[in-house]
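Here is the structure we will look at, set down as structure tokens.
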Amino acid sequence: MSESSSVERAGEPLDLSLSAAELERHREHIVAFIRNQLDAAGVEEAVLGLSGGIDSTTTAYLAVEALGADSVHGLVLPSEVNRDRNMSDAERVAETLGISYDVIEIEPIVDAMLTAVPSVNADADTSSDPLKTAVGNLRVRTRAVLNYFAANRRQALVLGTGNRSEALVGYFTKYGDGAVDCHPIANLYKQQVRQLAKHLGVEDDLAEKTASAEMWSGQTDAEELGVDYDTLDSILALHVDGPLSTSATVRTLDVDEDLIEHVRELYERSAHKRQVPPGPEPLY
Ligand SMILES: Nc1ncnc2c1ncn2[C@@H]1O[C@H](COP(=O)(O)OP(=O)(O)OC[C@H]2O[C@@H]([n+]3cccc(C(=O)O)c3)[C@H](O)[C@@H]2O)[C@@H](O)[C@H]1O
Ligand SMILES: Nc1ncnc2c1ncn2[C@@H]1O[C@H](COP(=O)(O)OP(=O)(O)OP(=O)(O)O)[C@@H](O)[C@H]1O
Ligand SMILES: [Mg+2]
């Protein structure tokens, strides 16, 4: 990766866009998937976290199509680092869809946990790694606890919002936003999620919003990953999911070889997040 820019971009990203007919097939396939997941679990409701971002918005639209508005419940869970605009967008999504939702401030819960940890004092500098990531992940895992409390209470499943791009590079918190019962949009690369969102009627300002995990102020996915999603998706499709060699991927996308290696390393290092936690072989 070059030193000059913190976000690498391909000269010629791959066009992964789906045709209208393909988008319609994905829509039907995912809607059927959600219904099947609930049927198999013997429950009638689903809950999901609403962040105002495109992954949760798209998943919420699909869930309402699958189950009806009365069977979907949203959790809007602001922390001190969430932008107000994103939280009001999350509420806008719930209101547009006509689903019930709770707004629960998570910072007091996070603060209580940090206060309870002896080695983290109240004045600790949480703005630099590794504490910054640890606290960010604590916020994400606090949301998972609240999502499961809602699911237990309502006899519901927790819908995840992970897409294919995030899953392949491990860009999620293990047992945080990864702690869910199923991921309806798991087959779609990030740019295809945006496309499906527009196809479903999600407003453009939501569909085109810059992706952010909002684990700390000012975080964007592209800056942290070191690559923008169109480029990341292209490398994943050609080289990680697909058969192209490093050099062929470099030529096709007009990117540095270092960037391909960076993405492959993210993929390999995050294998543990895509697996069930292992134990030793049985001993007889
Ligand atoms: N090889 C290995 N085998 C088994 N387990 C391994 C392991 N390496 C680490 N681990 C375990 O995994 C932990 C690290 O994983 P984890 O706790 O997830 O932490 P980590 O991967 O360091 O951080 C989460 C990343 O996901 C991003 N994120 C999180 C949430 C949402 C979004 C979003 O897009 O919205 C993005 C976040 O910005 C950050 O870059 C280690 O502390 C260790 O417990
Ligand atoms: N403040 C929040 N309140 C409730 N749920 C949240 C909040 N922040 C994140 N989440 C949950 O965690 C998921 C993962 O966050 P992520 O940022 O990857 O997705 P997104 O916000 O929907 O889309 P984008 O990646 O484009 O920002 C969200 O889809 C949502 O379900
Ligand atoms: Mg987000």
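Just so it is clear, glycine is given a Cβ too, placed from its N, Cα and C backbone atoms.
TrEMBL: automatically predicted annotations, no manual curation.
These numbers come from a predicted model, not from an experiment.
Binding of ATP is annotated in TrEMBL for GLY49, LEU50, SER51, GLY52, GLY53, ILE54, ASP55, SER56, LYS190, SER212; the matching candidate from THR161, THR173, THR231 at the same site is THR161. Among LYS132, LYS174, the residue that TrEMBL places alongside ARG141, ASP181, HIS272, LYS273 at the deamido-NAD(+) binding site is LYS174. Among the binding-site residues listed (GLY53, ASP55, SER212), ASP55 has its Cα nearest to the Cα of ASP181 (deamido-NAD(+) binding site). According to DSSP, HIS272 (deamido-NAD(+) binding site) is assigned to a helical segment.
Counting Cβ atoms from all protein chains shown, GLY49 (ATP binding site) has 26 others lying within 10 Å of its own Cβ. In this structure, the binding-site residues ARG141, LYS174, HIS272, LYS273 were compared by how many other Cβ atoms lie within 10 Å of their Cβ, and the smallest count belongs to HIS272. In the three-state DSSP assignment, the secondary structure recorded for GLY49 (ATP binding site) is strand. For the recorded site, ASP181 (deamido-NAD(+) binding site), the DSSP three-state label reads coil.
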